[in-house]
Structures are given as structure tokens and as C-alpha cells.
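Dropping the structure in here first, questions after.
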Amino acid sequence: MVNQPEYIAEIIISSLMSMTLMLLMGILGLPIIIYNTKHDKASFTMKAVKLAFFWSLLPASLLTITGTDFTINTWEWFHISTFTIYTSVKIDYYAAVFLPVALYVTWSILQFALWYMEKDYNIDQFFKYLLIFLISMIILVTANNLFQLFIGWEGVGIMSFLLISWWFGRPDANSAALQAVLYNRAGDLGLFVMMAWMMASTNSWELDDIFLHSQNQNMTMPALALILAAAGKSAQFGLHPWLPSAMEGPTPVSALLHSSTMVVAGIFLLIRFYPIIEQSKTAMTTCLWLGSLTTLFTAACALTQNDIKKIIAFSTSSQLGFMMVTIGLGQPRLAFLHICTHAFFKAMLFMCSGVIIHSLKNEQDIRKMGGMYFLTPLTASCITLGSLALTGTPFLSGFYSKDAIIETLNSSHLNACALSMTLIATSFTAVYSLRILYYVLGGQPRFNSLSPINENDPNLNTSLMRLAVGSLIFGQLITMSLPPKTTSVLTMTLTMKMTAILVTLTGLTTALLLTQSDSLHKKLWSHLPLHFTTLLGFFPLTIHRLLPKLTLQMGHLISSQLIDQTWFKLLGPKAILKSSMSLSKYINTIQLGLIKLHLMSFTIALLTTAFIYTIMT
């Protein structure tokens with residue numbers, strides 16, 4: 001018998017959750033719908049996101065208190081034979097926690113953009129694009145079926161193209177946006193395969209039905225398709241070149257897309273469909289190896305880059321590989337925790353780099369900076385805090401997720417090679433983080449005298465300090481909201497427990513040695529490894545130049561040699577001309593009246609007649 005008070009309470013909470021989500025989407029959609037002629041839509045958009053953040057705390061609080069997931073079905077979208085799609089929203093732990101994090105970071109980035117893009121004539125349109133992108137991400141996170149998830153997935157991709165190519169007068173920006181689209185289309189192929197497979201095997205795109213019917217089936221194919229989709233969106237090894245190129249977009253775009261939203265969409269997809277992935281050992285091994293290759297390769301690339309935004313971009317890709325390794329270890333909740341903690345300090349790092357670039361008149365080479373600690377003290381403090389959080393310094397937001405993941409690595413019985421690669425990449429994180437601080441903040445200024453640098457803008461200061469607060473305290477708050485583990489906690493020695501800090505200290509020591517000794521730096525970095533990492537493993541040269549060149553050359557050979565020349569010389573006009581000339585020459589020879597030709601013709605005719613007569617008789 002149903003407990004009536006609990007049933008009534010569940011109905012009330014479910015109704016309250018539905019109203020909250022409807023109001024949340026209404027708040028975010030209001031700046032898009034309203035036509036404002038006073039040219040302050042950008043500020044209005046920022047305030048709407050601010051209000052949406054505070055409103056999103058309600059569903060997060062309700063879910064934390066009740067501990068119950070909510071699925072809200074509204075209406076039937078369309079119906080084909082026995083296949084039906086409903087408009088449904090799923091509010092579980094992942095969605096309830098991700099919404100406030102994404103809105104908090106977006107609120108800070110929009111306020112930062114009020115300062116950074118203040119001279120852009122189309123700033124209102126820019127804010128509208130950012131808001132549509134955020135709404136697409138919310139649709140993706142809260143989707144309870146593959147159709148809604150696909151709408152959010154493609155919406156994120158389309159808006160990323162428009163935002164990366166915002167400065168469309170720059171050829172590099174257009175090229176970077178096109179790269180993002182093409183690499184994401186390769187990943188979308190995996191999502192298409194997965195959707196088709198689910199339609200054919202389970203006859204449903206609802207997540208609950210998919211998880212229920214997939215328990216007794218071989219899920220290797222859809223799991224690998226999901227990994228392909230995530231690899232394209234989250235810039236995993238092989239599909240990673242678009243992420244550093246996307247730094248051609250405005251800094252607010254980099255801070256939003258490449259810290260907490262678009263690039264983590266692929267990892268979030270794997271977390272959402274983890275019940276399918278864990279059924280396939282092949283998929284779990286693929287996640288582990290793909291993540292370890294990504295985190296090590298991109299961390300090595302970050303060591304040798306000199307563009308400050310590209311260093312942070314490769315850092316993002318390395319952390320995405322770290323999250324992929326965590327999924328391969330069977331810990332999707334830890335991967336999600338790292339997504340949330342990573343969002344705060346990575347967005348802050350991008351914004352700090354934007355402040356420095358903006359102050360130095362678009363200079364992005366860290367070798368031409370220096371002395372920024374005294375010129376921009378707030379920015380210097382924030383970039384130091386973000387770098388420390390990135391390396392996993394105790395009691396900052398990055399520590400809570402990174403320390404737990406490294407503990408899981410040490411206690412895992414899985415592939416030791418992949419886990420060792422991940423630990424090496426973790427030490428590289430400390431190296432390139434300290435390298436940024438050394439070149440950007442330390443020493444004397446290495447740039448020409450410019451106009452006075454001023455960071456005393458309320459929008460700039462408030463947005464940076466807000467993310468700094470998030471980097472300080474939100475890691476612990478989100479960790480406290482994690483549901484209790486179902487597995488027992490292993491007892492570890494003190495040395496194993498301190499591995500995360502030891503790995504970070506090893507990286508910091510290496511960085512200090514490299515910065516203090518130029519000769520040691522040259523010995524460690526020979527020409528081949530330096531070129532390999534500086535040129536991103538030769539991926540752009542191979543994929544963007546060599547393969548298109550070979551394809552064009554092959555097409556030219558096929559069209560010119562095999563088709564045009566064959567038709568023109570052997571079968572076409574030249575062939576007809578050649579045969580006509582041969583026939584004409586032969587007839588002309590017969591008409592010369594030579595006796596030997598007549599005798600030869602008579603002999604051939606006589607022999608032919610005799611041969612035919614012999615056969616017939």
C-alpha cells in the first residue's frame with residue numbers, strides 16, 4: 001500500500017521542480033525574445049543569467065535533500081508506428097549540480113565580456129549567441145531522450161561555429177571555426193550510429209528504456225560509437241587539433257566554451273550513458289587508453305607552446321583526457337566532480353589571459369611579457385590561484401577531484417602503462433603552470449612601453465573575484481554534495497595517499513630546474529621532441545596539408561591520366577583520327593599497283609577459300 005503523505009510530498013516536489021525549470025528557461029529566453037532599442041541588452045542578459053543562477057539553486061537543494069531523481073514528461077513530440085518520442089526532462093544529481101555551476105561561470109564570463117567587448121558594435125548580438133549556446137547546453141544536460149540530447153548537442157556545435165568565427169574578418173578565425181565544425185562532424189557520426197542502433201534494438205530513445213533493455217545485449221558497438229562522439233566534442237587524441245585553433249575566437253568565448261560547457265559535453269555524454277559503457281570491457285579499455293594518450297600528449301604540447309591561450313587550451317585538453325581516464329577506471333562520479341571543479345579555475349585562467357592580452361595590445365607570446373605582477377596585481381593573483389588549483393594544491397577546488405582520481409589510479413589493478421602515462425601528465429601540469437607564472441608574472445617587463453595598464457573596472461574585478469571564490473570553496477561544497485559511495489574505501493599507506501602531492505611537487509621541481517638552467521633546458525629538449533610537441537605531433541601538417549595534398553594529386557591523376565588522356569588518346573577523337581589515317585595509308589598503298597601486293601592478295605584469298613572449303617567438307 002502506498003504511503004499517502006510520502007506520495008503527496010513527491011507530487012508537490014515534482015510539481016515544484018517542473019515550475020522551477022519552466023521559470024528558469026523563461027528567464028534565460030527573455031533576453032532573446034525581447035527587442036530592446038536602448039542598446040543595454042548585454043547588461044540585461046547578464047542580469048538574467050544571474051537571476052537564473054540563484055533560481056537553479058532550488059532544484060539542486062531539493063535533490064540534495066530528497067536524494068531522488070525526477071523525470072518530468074510533458075507531451076508527445078511525435079509518433080511513428082510503435083516508436084514514440086516524448087518531451088521529457090531528467091533532473092538527477094548530474095543535472096542538478098551542473099546547472100548552478102554552468103550558470104555561475106556564465107554569469108562571471110558575461111560580466112567580464114561587458115569589459116572585454118565594450119568597443120564591439122555588435123556586443124548585444126554576441127551576448128545573444130552566448131545565451132543561446134548556454135540554453136543548448138542546458139537542453140543537452142537535462143534531456144531524457146536521445147532526440148532532445150541531439151538537439152542540444154547540435155545546438156552547441158552550431159553556436160560554437162558562430163562564436164569562434166565572431167571576428168569573421170580574420171581568416172584564421174574562419175579557418176578555426178571550420179575546423180571545429182569538421183572535427184565535430186566526425187564525432188557526430190558516432191552519435192548517429194548510436195541513435196540508429198538504439199532505435200533498431202530497443203525501439204526507444206528514452207534513457208530509462210535504453211538502460212533497461214540493454215542489460216542483456218552486447219553493447220560494444222553503441223559504446224564505441226559514444227566514445228567516438230565524445231572524442232570529437234571533447235578534443236581527444238586524434239580529433240584534438242581544432243581546440244588550440246579555436247583560440248582565435250574572443251577570450252569570453254574561450255572561457256565559456258573551452259572550460260565548462262562545450263568541451264565537457266562529450267565527457268558528460270559518457271557519464272550519462274555510463275550504464276551502457278560499463279557493460280563492454282572493450283569500451284572501458286578504449287576510454288582508459290584514449291584518455292591517457294590525450295592527457296600525456298596534450299600536456300607535453302603545452303610545455304613547448306609560447307602562446308598563452310594555446311597553453312591553457314592544451315591544459316584543457318589534458319584535463320579532458322584525465323576525465324576520460326577516470327571513466328575508464330569506472331568512476332563516472334569523480335569525472336563529473338572534476339568537470340565541476342575544473343570549470344571555475346579554467347574559466348578564470350582564460351579570463352586572466354584575456355586581461356593580459358588586452359593590456360599588452362593583443363600580444364600573446366609569453367616570452368614578450370614579464371613583470372605583470374606589479375602592473376596587474378589582481379589578475380596576477382587570480383592567475384596564480386588558478387594555476388595552483390590546476391596543479392591540485394590542497395584545499396583548492398582542483399584538489400578535491402584530482403586527489404580522489406589519483407588515489408583511484410594508485411589502487412587500480414588495470415593497465416599499468418596507461419596509468420603511468422596519466423601520472424606523468426599530472427606532473428607536466430605543474431611544469432607548464434609554473435612556466436606561465438615565471439614568464440608572465442616574474443622578472444622585468446619584456447615589452448615596449450605602452451599606454452598605462454588599468455584593471456580598475458568593476459565588471460572585470462567583480463567577475464575575476466567571483467571565480468576566485470569559486471576556485472577556493474566550491475570544490476569542497478560539491479564534494480560534500482556527492483552521494484555516498486556504494487563500494488568500500490580501500491586502506492592506503494601514507495605514501496600512496498600523498499601521491500597526488502608528490503607528483504605535483506616533482507613537476508614543480510622540474511620546472512624550477514628548467515627555468516634556472518638554460519643549458520639543462522637545451523639538453524632535455526632536443527630538436528626532434530621539441531619540434532614534435534611544438535608542431536602538435538605533426539597532426540595539423542598531416543591532416544590539414546599532407547592528406548588534402550595527396551587527395552588532390554590522386555584526383556588530378558585519375559581525372560587527367562586515367563580519364564581524360566585515356567578517352568582522348570585511346571577511345572576518343574585522337575583514336576578515331578589515328579585509325580582513319582592508318583586505313584587511309586593502307587588503301588593508298590593498295591592503289592600503287594605493285595605486282596607483289598596483287599600476288600599477296602591473290603595468295604591470301606586462295607588460302608582462305610581453301611581453308612573454308614576444308615572445314616565445310
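From the backbone N, Cα and C atoms, a Cβ is placed for every residue, glycine too.
Sharing the features that TrEMBL gives for it:
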{"type": "DOMAIN", "residues": "77-127", "note": "domain 'NADH-Ubiquinone oxidoreductase (complex I) chain 5 N-terminal'"}
{"type": "DOMAIN", "residues": "143-420", "note": "domain 'NADH:quinone oxidoreductase/Mrp antiporter transmembrane'"}
{"type": "DOMAIN", "residues": "432-611", "note": "domain 'NADH dehydrogenase subunit 5 C-terminal'"}
{"type": "TRANSMEM", "residues": "48-73", "note": "transmembrane segment"}
{"type": "TRANSMEM", "residues": "93-114", "note": "transmembrane segment"}
{"type": "TRANSMEM", "residues": "126-143", "note": "transmembrane segment"}
{"type": "TRANSMEM", "residues": "181-200", "note": "transmembrane segment"}
{"type": "TRANSMEM", "residues": "220-243", "note": "transmembrane segment"}
{"type": "TRANSMEM", "residues": "255-277", "note": "transmembrane segment"}
{"type": "TRANSMEM", "residues": "283-304", "note": "transmembrane segment"}
{"type": "TRANSMEM", "residues": "311-329", "note": "transmembrane segment"}
{"type": "TRANSMEM", "residues": "335-360", "note": "transmembrane segment"}
{"type": "TRANSMEM", "residues": "372-393", "note": "transmembrane segment"}
{"type": "TRANSMEM", "residues": "413-442", "note": "transmembrane segment"}
{"type": "TRANSMEM", "residues": "463-482", "note": "transmembrane segment"}
When you check the transmembrane segment (126-143) against the transmembrane segment (255-277), do you get at least 3 Cβ pairs under 8 Å, counting only pairs 6 or more apart in sequence?
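Yes, the transmembrane segment (126-143) contacts the transmembrane segment (255-277).
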Summarise the model's confidence over the domain 'NADH-Ubiquinone oxidoreductase (complex I) chain 5 N-terminal' (77-127) as a mean pLDDT value.
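Computed over the domain 'NADH-Ubiquinone oxidoreductase (complex I) chain 5 N-terminal' (77-127), the mean pLDDT is 87 on the 0 to 100 scale.
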Take the transmembrane segment (335-360) and find every residue of the same chain, 6 or more past its ends, with a Cβ under 8 Å from one of its Cβ atoms.
94, 97-98, 101-102, 104-105, 108-109, 112, 116, 251-252, 254-256, 258-260, 264, 267-268, 270-271, 308-309, 312, 315-316, 319, 322-324, 326-327, 368-369, 372, 375-376, 379, 382-383, 385-387, 389-390, 396-398, 400-402, 404-405, 440, 447, 450, 453, 455, 460, 463-464, 467-468, 470-471, 474-475, 478-479, 482
Same-chain Cβ contacts of the transmembrane segment (220-243) under 8 Å, 6 or more residues past its ends?
153, 156-157, 176, 179-180, 182-191, 193-194, 197-198, 214, 258, 262-267, 269-270, 273, 276-277, 279-280, 282-283, 286-287, 290-291, 293-294, 297-298, 313-314, 316-317, 320-321, 323-324, 536, 539-540, 543-544
Could you count the residues of the domain 'NADH-Ubiquinone oxidoreductase (complex I) chain 5 N-terminal' (77-127) that DSSP puts in helix, in strand and in coil?
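Split by secondary structure, the domain 'NADH-Ubiquinone oxidoreductase (complex I) chain 5 N-terminal' (77-127) comes out as 29 helix, 13 strand, 9 coil.
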Quick test of the contact rule: Cβ under 8 Å, at least six residues beyond the ends. What residues does that give for the transmembrane segment (463-482)?
60, 64, 97, 101, 104-105, 107-109, 111-112, 115, 333, 337, 340-341, 344-345, 347-348, 351-352, 355, 378-379, 381-382, 385-386, 389, 395-401
Cβ under 8 Å to the transmembrane segment (311-329), counting only same-chain residues 6 or more beyond its ends: which ones?
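Long-range Cβ neighbours of the transmembrane segment (311-329): 230, 234-237, 240, 243-244, 246-247, 254, 258-259, 263-264, 266-267, 270-271, 274, 277, 284-296, 298-299, 301-302, 305, 335, 338-339, 342, 346, 349-350, 353, 366, 390, 402, 405, 408-409, 412, 414, 418-419, 422, 425-426, 428-429, 432-433, 435-436.
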